[in-house]
Amino acid sequence: MNSKVLVAPSPHVHGGDSIQKNMYGVVFAMLPALVFSFVYFGMGAIIVTLTAVASCYLFEFLISKYLLKKVPTLNDGSALITGILLAFNVPANLPIWIILIGALVAIGIGKMTFGGLGNNVFNPALVGRVFLLISFPVQMTSWPKPLGFNTAYLDAETGATPLAIIKEGLKKGEPLSQLMHDIPSNMDLFMGNMGGSMGEIAGVALLLGLLYMLFKKIISWHIPLTILGTVAIFSGILHMANPEAYAGPLFHILTGGLLLGAIFMATDYVTSPMSHKGMIIYGIGIGLLTVIIRVFGAYPEGVSFAILIMNAFVPLINVYVKPKRFGEKRK
Amino acid sequence: MLKTFSLGGIHPAGNKLSASSAIQVLPIPEIVSIPISQHIGAPATPVVKKNDEVKVGQLIAKSSGFVSANIHSSVSGTVFKVDDIMDSSGFRRTAIIIKVDGDEWLETIDRSETLVTEISASKEEIIAKIAEAGIVGLGGATFPAHVKLSVPPGKTAEVLIINAVECEPYLTSDHRVMLEKGDEVLVGTQILMKALGVNKAIIGIENNKPDAIAHLTKLAVNYQGIEICPLKTQYPQGGEKQLISATIKREIPSGALPIEVGAVVQNVGSAFAVYEAVQKNKPLFERIATITGKSLKNPSNWRFRIGTPVKDLIDAAGGLPEDTGKIIGGGPMMGKALTTVEVPLTKGSSGLLLLPREEALRKESKPCIRCGKCVSACPMGLEPFLLMVLADKKEYERLENNAVMDCMECGSCSFTCPANRPLLDYIRMGKGKVGQIMRSRK
């Protein structure tokens, strides 16, 4: 008799899913958007991405090893995602030293102060991004023009984003129909031919990523689709009420990183609700806040703030929104 | 769209290695150890003593309460002793040990292969006969069958559901029974319908067994009121609540029994046993089990006498493979790991799985990344991640409020978790404690 058999409680088999598979799956889903950013912004995009990723890894390693005094777990892929997302959220002409600060805030304050992966309340990349936006408003809002592949980095020619053009114009009292002439066509917006942060420009690439993640069951449809649906409905109502003051739903969806936020930022496992019902509430919240900030707030863009605000509600949502239990009467 | 249950579910690899292997008969061993507790409920009381002569099918331990079951000798020979032995649960429990001599059956048992379709017994006679034959749920839960058939006053049964799902990976014994004993299963189903006084029965079969679906659908035209219901393959569809949800779209409320929604569920193997008990007067002393495993020489299905050592079944299938890391009584999702191969096979032994060492080892558990996949997978709509934390922190009141007692321990959460967290281990612990607290309150 083989005396070395194992005895353990069921289940005796595992599905084979792992943290790495999910994390690298997300990275793979971000590749189309990454390629688009390289194509439109050239050398600057490559420098910014490499710096962001390398510094996220470096800070995670240093903080785990010397401050938390535990074995750094760099191979789980989460630092890579934070790095790429941070790069996606900044202009392609951002100086290296600012990126380093962003990475330190994202990893250090956004993630490691809470105890590392799985414990943070706010999306780390967004924490870094918003910190930079508030601290370096000039550098963070001078967006390079998508001139196609070129070697320009800090000296890149800059322009405003579509949302900023509208916001400024409306403030001056210009009618929306007039302002729309300064804005790229919807097709250009969809293909990413506009000013903006590295990752937000190409709707088509982001949607490819979404399809991949849904197909691979890395995320479920609940968060991205409720965000997009809410934005479409809310901005649609405003647009119908006064087409000269409020832009239409398609414009809102294709601009200002809404797709990036809905697909890659709001769906972050750690900082989003656990149940499908909770995800829908969270998604509606992000959608409403995004439009409110964009239309009525001081900033032209609202996705980052909307996600961070809803991140803060996630623990509350998890406590009060329970999944539908089996056998419970459907309301 | 094929039917399936309402919430959660997972898709483990089927690994039905023994599906095409016809049922063989396992040789009778020299000695059998028949535990007196092979069912849920009170252990039976032995009615034989040392040196008694027994025949095949003779009552050797008597049901000792409403929820209990008779035990019959599976061999003929002499009672060697009544003593405590290690059983598949790992505990020492009383068993009747019989030295085999020949194979002499009680004369009352009809040993012919003729199919008897005419059901002459009355409703009461059927239930009495099923109780007398010691039939228990053969899917693995081993709940005494006659108890389920005795509908409590004030409740009415509307439909009989036959569980032919066999959603556990690897196991194929129900599959083979349907293919080889199809008519017997259908007669057994009609007997159960008569016992319940219902005119409708649904046999739920997952569509990974298309041959069984086709075979039974063809046969069922000769039997009134029996519907074959193909189901989308998804674990844990064989759970009673899930099967009812899949077949008749009704959800049993928390803590209630199937009869609450007018359903009674019996396993397909039990239907076959009922046929043999009622039509052939044969008590439950043998059953069919799968012996399987990726490294095993000959994954196959066997009809064995209850009390046969697990070792005999393994030897019949080519012996214990070198790389065996875990011996599991049952399937990989809900089966129990055995400590030795010397334990006896019982009424609840639906299969034996030999898991290679590298598959048996658990991977290192990582911190929860809050992906929510356990919540999506849970067929009961629970939050396994939360229940694990609460069990760990001994927050029993919150565990109870979060419906921990609804957990049926299917293991879908642990199976799914990308961080390899031992969710079910903790939930089980919490359930045990909460159950204790709830009982002490009464």
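The backbone N, Cα and C atoms fix where each Cβ goes, glycine too.
Because TrEMBL annotations are produced automatically, they should be read as predictions rather than curated entries.
Summarising the annotation, TrEMBL assigns domain '4Fe-4S ferredoxin-type' to B:358-381 (among others). Taking Cβ pairs closer than 8 Å, the domain '4Fe-4S ferredoxin-type' (B:358-381) reaches residues 5, 7-10, 236, 239, 241-242, 294, 323, 325-326, 403, 406-408, 410, 412-413, 415-423 in its own chain, all 6 or more past its ends.
Annotated [4Fe-4S] cluster 1 binding site per TrEMBL: B:CYS368, B:CYS371, B:CYS374, B:CYS417, in sequence order. If you take the C-beta of B:CYS417 ([4Fe-4S] cluster 1 binding site) and look for same-chain residues 6 or more apart in sequence within under 8 angstroms, you find B:LYS373, B:CYS374, B:LEU423. Secondary structure at B:CYS417 ([4Fe-4S] cluster 1 binding site), as computed by DSSP, is coil.
Long-range Cβ neighbours of B:CYS413 ([4Fe-4S] cluster 2 binding site) (same chain, at least 6 residues apart, Cβ-Cβ under 8 Å): B:CYS374, B:ALA377, B:CYS378, B:PRO384, B:PHE385, B:LEU423, B:LEU424, B:ILE427. The [4Fe-4S] cluster 2 binding site annotation in TrEMBL covers B:CYS378, B:CYS407, B:CYS410, B:CYS413.
Model confidence over the domain '4Fe-4S ferredoxin-type' (B:397-427) stands at 95, taken as the mean pLDDT rounded to a whole number. What TrEMBL lists as domain '4Fe-4S ferredoxin-type' is B:397-427 (among others).
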Fewest other C-beta atoms within 10 angstroms, as judged across B:CYS368, B:CYS378, B:CYS410, which are the binding-site residues: B:CYS368
Reduced DSSP assignment, B:CYS371 ([4Fe-4S] cluster 1 binding site): coil
Candidate with sparsest Cβ neighbourhood (10 Å radius) among B:CYS371, B:CYS374, B:CYS407, the listed binding-site residues: B:CYS407
Rounded Cα-Cα span from B:CYS407 ([4Fe-4S] cluster 2 binding site) to B:CYS371 ([4Fe-4S] cluster 1 binding site), Å: 20
Pairwise Cα distance for B:CYS410 ([4Fe-4S] cluster 2 binding site)/B:CYS368 ([4Fe-4S] cluster 1 binding site) [Å, integer]: 20
Collapsed DSSP category at B:CYS410 ([4Fe-4S] cluster 2 binding site): coil
Proximity to chain A among binding-site residues B:CYS368, B:CYS407, B:CYS413, where any Cβ pair is under 8 Å: B:CYS368
B:CYS368 ([4Fe-4S] cluster 1 binding site) to B:CYS407 ([4Fe-4S] cluster 2 binding site) - Cα separation in whole Å: 20
Cβ-centroid neighbours of [4Fe-4S] cluster 1 site B:CYS368, B:CYS371, B:CYS374, B:CYS417, 8 Å, sequence order: B:ILE369, B:ARG370, B:GLY372, B:LYS373, B:PRO384, B:PHE385, B:CYS413, B:THR416, B:PRO418, B:ALA419, B:ARG421, B:LEU423
[4Fe-4S] cluster 2 site, defined by B:CYS378, B:CYS407, B:CYS410, B:CYS413: further same-chain residues with Cβ within 8 Å of the Cβ centre: B:GLY8, B:CYS374, B:ALA377, B:PRO379, B:MET380, B:LEU382, B:PRO384, B:MET408, B:GLU409, B:GLY411, B:SER412, B:LEU423, B:LEU424, B:ILE427
